[in-house]
Amino acid sequence: MTVPSKTIAPKTLYQKVWDAHIVATPEGEAPIIYVDRHLVHEVTSPQAFSGLKVAGRQLRAPEKTFATMDHNTSTRSASLDALSPMARIQVETLAQNCKDFGVLLYDIHHPNQGIVHVMGPELGITLPGTVIVCGDSHTATHGAFGALAFGIGTSEVEHVLATQTLRQLKAKTMKIEVRGQVTDGVTAKDIVLAIIGKIGMDGGTGYVVEFCGEAIEALSMEGRMTVCNMAIEMGAKAGMVAPDQTTFDYLEGREFAPKGEDWAQAVAEWKTLKTDVGAEFDATVVLDAADIAPQLTWGTNPGQVVAIDAPVPNPADEVNPTIRSSMEKALDYIGLTAGTPMTEVAINKVFIGSCTNSRIEDLRSAAKHAKGRKVAAGVTAIVVPGSGQVKAQAEAEGLDKIFIEAGFEWRLPGCSMCLAMNDDRLEAGDRCASTSNRNFEGRQGRGSRTHLVSPAMAAAAAIAGHFVDIRKPY
């Protein structure tokens, strides 16, 4: 008798990584998944470590936990004296906790210190097919490598430290395909802002998104990280890009990446991490890359975004009363009038940095627009590299000199002006061209007005004193 062969259903990239990490699925409960890498920083970890101490527990796998100081650190000085009292307590507490529990720490004096989502990938801590968590909402950044990466809360941070596992419900799957190639002046930041503008800030809620298509495949790893970084801004649990030769070339030789024979074996396994032909997604979104222009936000959430050659939207044109009301509120806060060309919106602050856009490719892009020019009168512009490695490389290439000669401030690594949690913040009424990921009310300081843009658009705005279409002479 012939026994029929068992057919294996085609799987998405997310399903493959998910299935490989299930530890147990207790009846009536959420599955328990294994965590390969745990990244911690000074803001969301103190209570977690305290919980371990109270319970008398040790770390389940200290060698899989990596710590850095980034959110509250000063970008003006590496001295503890430059920190606010609360920030100093947090960084000193992290240092003590890492010492007590045997966790590798990249403190403010370490040459590789930086934003957790910048230094993790550049050190090779981030690897394809792994599950990565961090007490930070932009952990999705690491999904650019084909990892399943997402943010967790402080109680979950403690649970991972103690068990190296998490209870998680399986998410739905969404494919976002960007077909064709972008035109000159359009970057990864513009791609992801266009996506969010299309599906809204809650369009990805409940999903893990896989970004694909020719435009995504053409991106560098830096660009893919920018796209995945903002998956949370469309409401998604995580964002992923299938690993390919671009991924392998980026990772080879990095400190924590496999070496020798292990490298060859790892690459062979990573090459299987792609969505199978015939695998079904719960939702699919398609964009034509050629239709994407440089983007910038006009309102108070990342979904309120338009192309640079468009005017400020008019709420009166919106038929949905809830959306119309939100638009009216946003315009009132942001201080713009419907119908105003975005190229006529003046700015007085520029921030180039954050876990979205502070990598070497981002700084090179901004420097092209700053070279040989001067920051406009009345504009304060700062450039904050994402890590010590990025800073050193930029300085080796002379990018720091280009920025400084143009009138930009060249800073130390850190989260900086992305959030009003350190000494880099906006004053009420300031209008900022920012390469960060959130433009919520008060995000960069009480009463501040934030417009999300690419590094090239931010640098150009600093020079012109207002937003410009970088595809044209200015």
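Glycine is treated like the rest: Cβ placed from N, Cα and C.
Per Swiss-Prot, the feature [4Fe-4S] cluster binding site maps to Cys355, Cys415, Cys418. According to its DSSP assignment, Cys418 ([4Fe-4S] cluster binding site) is helical.
Within 10 Å of the Cβ of Cys415 ([4Fe-4S] cluster binding site) there are 31 other Cβ atoms, across all protein chains. For Cys418 ([4Fe-4S] cluster binding site), the number of other Cβ atoms no farther than 10 Å from its own Cβ, over all displayed protein chains, is 29.
Apart from Cys355, Cys415, Cys418, the residues listed for [4Fe-4S] cluster, the same chain places the Cβ atoms of Asp70, His71, Ile115, His117, His138, Gly353, Ser354, Thr356, Ser358, Gly414, Ser416, Leu419, Ser436, Asn437 within 8 Å of the centroid of those Cβ atoms. Same-chain residues at least 6 positions away in sequence with a Cβ under 8 Å from that of Cys355 ([4Fe-4S] cluster binding site) are, in sequence order, Ile115, Val116, His117, Val118, His138, Thr141, Asn229, Gly386, Cys415, Cys418, Asn437.
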